[in-house]
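Quick look at what TrEMBL lists:
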- 6-31: transmembrane segment (TRANSMEM)
- 20-260: domain 'G-protein coupled receptors family 1 profile' (DOMAIN)
- 38-66: transmembrane segment (TRANSMEM)
- 72-95: transmembrane segment (TRANSMEM)
- 116-138: transmembrane segment (TRANSMEM)
- 158-177: transmembrane segment (TRANSMEM)
- 209-228: transmembrane segment (TRANSMEM)
- 240-262: transmembrane segment (TRANSMEM)
Amino acid sequence: LALNPWDVILCISGTIISCENAIVVVVIFYTPAFRAPMFLLIGSLATADLLAGLGLILHFAFVYFIPSEAVSLVTVGFLVTSFTASVSSLLTITIDRYLSLYNALTYYSEKTVTRTYIMLILTWGASICYGLLPVVGWNCLKEPSTCSIVKPLTKNHLIILSVSFFMVFAVMLQLYVQICKIVCRHAHQIAVQRHFLASSHYVTTRKGIATLAVILGTFASCWLPFAIYCLLGDSSSPALYTYVTLLPATYNSMINPVIYAFRNQEIQKVLWTVCCGCFSSTMPFRSRSPSDV
């Protein structure tokens, strides 16, 4: 096959995604202090994005060096599983943030740990089921007319994935609206109790809302174009449109470590100690709320 520059760009993106998220996975896995629910969820997100990056690299390698219909089914299914797990992990992090504010007094309990494991099981279970669909027969290899913009996925399969994404996005939007209300209310209460100036309350509230807007805006700008095109396009649509909308979606996995991991002060401490050659997996950490991550 002639080398497609878009495939090369996706492969390079996959390499960057893999390197970034591998750092997060290693730090969380080898640091016993990072066993709190919020770090488990961040680790789940990093693992999903790491697999997505590896999937982009493997897809490029198999397409150009080992072209095969069977291998194509496996690699596409692997990518569907990884990206679905990534989006689902973002939803679980949002739910965890909301509950940490809504149930602040009871958040640090065994019930929270159990709930976290249940969310992780559901997240990865559903993602694996989605990814297995092409392999178990839901593909368009025998009927090219049923193909979607992402071959060999069928149009119906891609519609289900797109609708699922819009449902996840709607839930995240609603939860972040509720989080903004809680943050504003808490900031106002603190300002009243400590006799802060109104301007101080305004700055604190604006900063919190701006952070949430960046998180949700990044997610939407990366995934919405591809999700919408999945509903509108078909197998006859130009491949260029698929690449143009898919590439920003992969960037979400590149940005996630920056938003959810590298901004965390505890993870920053570990990274700095590793760079200084004085890594200690038992170093103490200040307990933080997931809403601060």
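All residue numbers here begin at 1 and follow the chain in the order shown.
Cβ atoms are placed via backbone N, Cα and C, with glycine included.
Among 72-95, 116-138, 158-177, 209-228, 72-95 has the largest number of CB pairs under 8 A with the transmembrane segment (38-66). By the Cβ criterion (under 8 Å, sequence separation of 6 or more), the transmembrane segment (72-95) is not in contact with the transmembrane segment (6-31), since fewer than 3 such pairs are found. With a cut-off of 8 Å between Cβ atoms, the residues of this chain six or more beyond the transmembrane segment (240-262) that come close are 6, 9-10, 13-14, 16-17, 20-21, 23-24, 27, 42, 45-46, 48-49, 52-53, 56, 83, 86, 90, 93, 149-150, 214-215, 218-219, 221-223, 225-226, 228-229, 233, 268, 271, 293. Mean pLDDT for the domain 'G-protein coupled receptors family 1 profile' (20-260) in the predicted structure: 86.
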